[in-house]
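**Q** First the structure, which I've put down as structure tokens, then a few questions once you've had a look.
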Amino acid sequence: MSTIILGIESSCDDTSAAVIKDGYLLSNVVSSQAVHEAYGGVVPELASRAHQQNIVPVVHEALKRAGVTKEELSAVAFTRGPGLMGSLLVGVSFAKGFARSLNIPMIDVNHLTGHVLAHFIKEEGEANEQPDFPFLCLLVSGGNSQIILVKAYNDMEILGQTIDDAAGEAIDKCSKVMGLGYPGGPIIDRLARQGNPKAYTFSKPHISGLDYSFSGLKTSFLYSLRDWMKEDPDFIEHHKNDLAASLEATVVDILMDKLRKAAKQYKINEVAVAGGVSANNGLRNAFREHAEKYGWKIFIPKFSYTTDNAAMIAITGYFKYQDKDFCSIEQPAYSRVTL
């Protein structure tokens, strides 16, 4: 008998539903919210309301594209956190009601675990090469920057993480200072492709171990811009490509430096990247360069699996279903939770 999992993701501003059957993805529907662009960031109340409007049609569309009826579902997996509490509650509440009405198990999924296990999403007709355990995963997004030792689907250890800002958060804030709009990551990525990554130098942290820090870079970028604009008020407009390229290169250097140390320290050559910032062209190129230079076997997700999506929640739910790792109706949402 087939195992069919419906995954639901609503941790921030993307409403998503996906269906996985026996480990293979049948559908992955994502509804993004453009309303936040005018505010320069996600407005939690608006995000929650949009999730309420979107969740039913998104789930309906996911089932339709998968060619699956709700009665065929084996379980419903949902994101329990971390994320915006209001947004999470929409997905958690819907998942509970939906599963309860069908009398099928509920599976709570850690959003961060989902990003890591996105590398195990399989699609019909594709190579679907997957990492072998143990492997390292650089999880980097607007809210997280972590180096994770992945020993099994259900056994992960954080080796290092940011002690202040996340990499994506720093990029977004620097983009905002430049007046480039929201979200800043894709804009910086686009401009950086046309700029000189060695045009400007910004400070890098000097902290021991495998932890990250990006607050110093953010401050260095801000103060440098302030000084340059005293001499040329239009400095940003005249040099935005080089600024973006230099900022991106600095962030990538910081990320890869600690990742190299982790790979050497733990003697692991299978290395993956996950999270929203893994869509960044500069970071992807750095991974390919490191693969060639250090003999790494690298795993870079499809662009559709870098940002928040329910496919990663569904595949994690699929693995937990094999272990009968279900949750109760009392399972709460958590705005803050680690791996």
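Here the Cβ of each residue, glycine as well, is placed from N, Cα and C on the backbone.
Pasting the feature list from Swiss-Prot:
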- HIS111, HIS115, ASP308: Fe cation binding site (BINDING)
- LEU139, VAL140, SER141, GLY142, GLY143, ASP172, GLY185, ASP189, ASN280: substrate binding site (BINDING)
**Q** Suppose the Fe cation site is HIS111, HIS115, ASP308. Which further residues of the same chain have a Cβ inside 8 angstroms of that site's Cβ centroid?
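**A** Going along the sequence, the neighbours come out as GLU9, SER11, THR79, LEU112, GLY114, SER141, GLY275, ASN309, MET312, ILE313.
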**Q** Compare the Cα of GLY185 (substrate binding site) against each of the binding-site residues HIS111, HIS115, ASP308 and report the nearest.
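**A** Among HIS111, HIS115, ASP308, ASP308.
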**Q** Can you tell which of the binding-site residues (HIS111, HIS115) has the fewest other C-beta atoms within 10 angstroms of its C-beta?
**A** HIS111
**Q** If you count, for each of the binding-site residues GLY143, GLY185, the other Cβ atoms lying within 10 Å of its Cβ, which residue has the minimum?
**A** GLY143
**Q** Applying a 10 Å Cβ distance cut-off over all chains shown, what neighbour count does SER141 (substrate binding site) have?
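**A** There are 25 of them.
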**Q** Record lists LEU139, VAL140, SER141, GLY142, GLY143, ASP172, GLY185, ASP189, ASN280 as binding substrate; longest Cα-Cα distance in Å?
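**A** Largest pairwise Cα separation, rounded: 18 Å.
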**Q** Please report the distance from the Cα of SER141 (substrate binding site) to the Cα of HIS115 (Fe cation binding site), rounded to the nearest angstrom.
**A** 10
**Q** For ASP308 (Fe cation binding site), what is the tally of other C-beta atoms lying within 10 angstroms of its C-beta?
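**A** Result for ASP308 (Fe cation binding site): 25 neighbouring Cβ atoms inside 10 Å.
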